[in-house]
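Note sheet for the following structure.
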Amino acid sequence: MSVQEYLDKHTLSRKIEDAVNAAVRAKTSDPVLFIANHMKKAVPSVITKVKARQILDSRGIPTVEVDLHTNKGVFRASVPSGDSSGTYEAIELRDGDKGMYLGNSVAKAVKNINDRISEALIGMDPKLQAQIDHAMIDLDKTEKKNELGANAILAVSIAACKAGAAEKEVPLCKHLSDLSGRANMTLPVPAFTVLSGGNHASNHFAIQEIMILPVGASRFEEALQWGSETYHHLKAVVTEKNGNMGCNVGEDGGLTPDISSLKEGLELVKEAINRTGYGDKIKIAIDVAATNFCIAGTKYDLDIKSPNKSGQNFKSAEDMIDMYKELCAEYPIVFIEDPFDKEDWEHTKYFSNLGICQVVGDDLLMSNSKRVERAIQESACNALLLKVNQIGTVTEAIEVVKLARDAQWGVVTSHRCGETEDSFISDLSVGLATGVIKAGAPCRGERTMKYNQLLRIEEELGDQAVYAGEDWRQTL
């Protein structure tokens, strides 16, 4: 084939002429670079390669990382993991070979990406998120993604989302906003973990975490400052009352003093807030994670982590309600997450309908659309804790948020205890305007990078940046 025949076959003469004309109009000082970039933009981007590998999360446990290639670049994503998979959430595929990472290796999930998912997605347009996600769902053919693994599917889904944003030449949060059909983006209020317990810490505190929310800040940057200052004041308070050992941190970065009760923990946090001088501009939230200390689904052992006291002072669900009512009256608590066992719909509904604070469903809902629909119908709670890895794709995460929105619920975007250096949930929280983000303490790199990314987003949005602030409950 001659050069002219090649040019004619691919209509390159016209494309090159258009690029040269554009360079002339732009009066560029570097026409070769300009023409090269112009030609690159003229070619629709497609997925050319998907390569996965096994990496470690923040707990030193294997997880999946993906590099998704297009002719615009390489886009990387990795997925977090929780303490354990709930009955109703998508399945995280692990090998189970006790000789490799104590059974936690994800080599099978990685192989599924490199051998099967990659082949299915080559040539697809990364802007078409729903088509990509449904192609993987169809390839898996199971309800909970246990064939390919939700960890495999989600890593590719997030990487494709990043590639789609690059193809559109917009920030990732804007691409997510477009995918969700939202007109406005909002910087979320950070729910900083300041005290850790439950399964996330080695102390005797049964409650999973106590958080602070700087709702009175004017910008996210200011909220981050307030959160950091409160955290460091809390370190001083804990040191004074519990000694330096109390300033060890849990998996989410929260401090882990060996406190004896929820009230004692709230007193420590209240004192730290008082020392900041910000007063009622900083609110408090609690992740009870009550399933972890619920016995036989009917009684609660708040001393379950204390071997000398466990089993001596059980509380009924009614006792727990009385405790929550008392604490909400005494402290500025704005939301309580999982106040009862994950199957105790009756008491969760009763407490939610009291209207004392927002009631967030985590173990109750597991980001599962069927569970969310039931909770909406029964008015069982009034906020969704969004954990994308419980669902398995970006598209399904957007759909479950729409369910919550239509019910006038609040939405809290959440990290997991086993995190990675991926800040995707930061852009997700802004693009879907969820109002609140849980990313752990203002401590530990895998946590702070989520907050630091929100700083960058706020800076990039400039005058268009809106911080949820006092409107965190419902940013419709």
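Every residue number used here counts from 1 along the chain in the order it is shown.
From the backbone N, Cα and C atoms, a Cβ is placed for every residue, glycine too.
Over the domain 'Enolase N-terminal' (47-176), the average per-residue pLDDT in this prediction is 95. The domain 'Enolase N-terminal' annotation in TrEMBL covers 47-176.
TrEMBL lists 184-475 with the feature domain 'Enolase C-terminal TIM barrel'.
Residues or ranges marked as active site, proton donor in TrEMBL: Asp252.
Annotation comment: TrEMBL describes Asp287, Glu337, Asp362 as Mg(2+) binding site. For Asp287 (Mg(2+) binding site), other Cβ atoms within 10 Å of its Cβ number 28.
Summarising the annotation, TrEMBL assigns active site, proton acceptor to Lys387.
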*Under 8 Å by Cβ from Glu337 (Mg(2+) binding site), same chain, sequence gap 6 or more*: Ala285, Ile286, Asp287, Val288, Ala289, Val359, Val360, Gly361, Asp362, Leu385, Val412
*Rounded Cα-Cα span from Asp252 (active site, proton donor) to Lys387 (active site, proton acceptor), Å*: 15
*By a simple count, how many Cβ atoms lie within 10 Å of the Cβ of Asp252 (active site, proton donor), its own Cβ left out?*
28
_Around the Mg(2+) site formed by Asp287, Glu337, Asp362, list the extra residues of the same chain whose Cβ is within 8 Å of the site's Cβ centroid._
Gln208, Glu209, Ile286, Val288, Ala289, Ile336, Asp338, Val360, Asp363, Leu385
